């Protein structure tokens, strides 16, 4: 059954803790409508010790720590060190019986199994979109909030996903690791290579609903639609002449 991923806003808490996923705090109950501040503080183990107006602090574990002999990373539990060591040993003891893919942790296998079962227990409370993992829902929420936490230090362009920033950085580095098998042309992003391949395959999956003309890229269809709509979003500041594409403005 889907868990309705509701959010409880605690206005007296710091910004980073205002939006708290109830399913993560109190288990997969589907009927949560609200939770008291006292219950939230009890979850943190601070109900009697803490002024609600003060920021919540993550409790520090005292006592014995366990260190990795290969990279000096430390852990508070021996089980955590054991899981970590699989990075160095390459051990992946959890295997999917349907596709033989292996994992270092049982939780990763459990998440993977949702691909085969089709289970999507995490639902966006704003648009109803469902996801197999809570992290995917978290990333999706940035569409609604407009949050773009990953910023390029070279050009200040921002992204919703760290993977998008990583792909973007290849532009600055000049990396072009994706090559076309047909003509040898190389690209810095796999998505751009896939678009390029349509030139050789003759694929034009994007069709104009008004005139039936087809295009290999969605961007080209977007440009074409301006012929029908009359939209000319690029305007010259010196003569007020407007254009359908930015390249036309630059070339005049």
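Cβ coordinates are placed from backbone N, Cα and C, and glycine is handled just like the others.
Taken from TrEMBL as is:
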| type | residues | note |
| --- | --- | --- |
| TRANSMEM | 6-26 | transmembrane segment |
| DOMAIN | 66-93 | domain 'C2H2-type' |
| DOMAIN | 94-121 | domain 'C2H2-type' |
| DOMAIN | 122-149 | domain 'C2H2-type' |
| DOMAIN | 150-177 | domain 'C2H2-type' |
| DOMAIN | 178-205 | domain 'C2H2-type' |
| DOMAIN | 206-233 | domain 'C2H2-type' |
| DOMAIN | 234-252 | domain 'C2H2-type' |
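Long-range Cβ contacts of the domain 'C2H2-type' (178-205) within its own chain (Cβ-Cβ under 8 Å, at least 6 residues beyond either end) map to 167, 170-171, 214-217. If you take every residue in the domain 'C2H2-type' (122-149) and average the pLDDT, you get 90. Under DSSP, the residues of the domain 'C2H2-type' (178-205) split into helix, strand and coil as follows: 12 helix, 4 strand, 12 coil.
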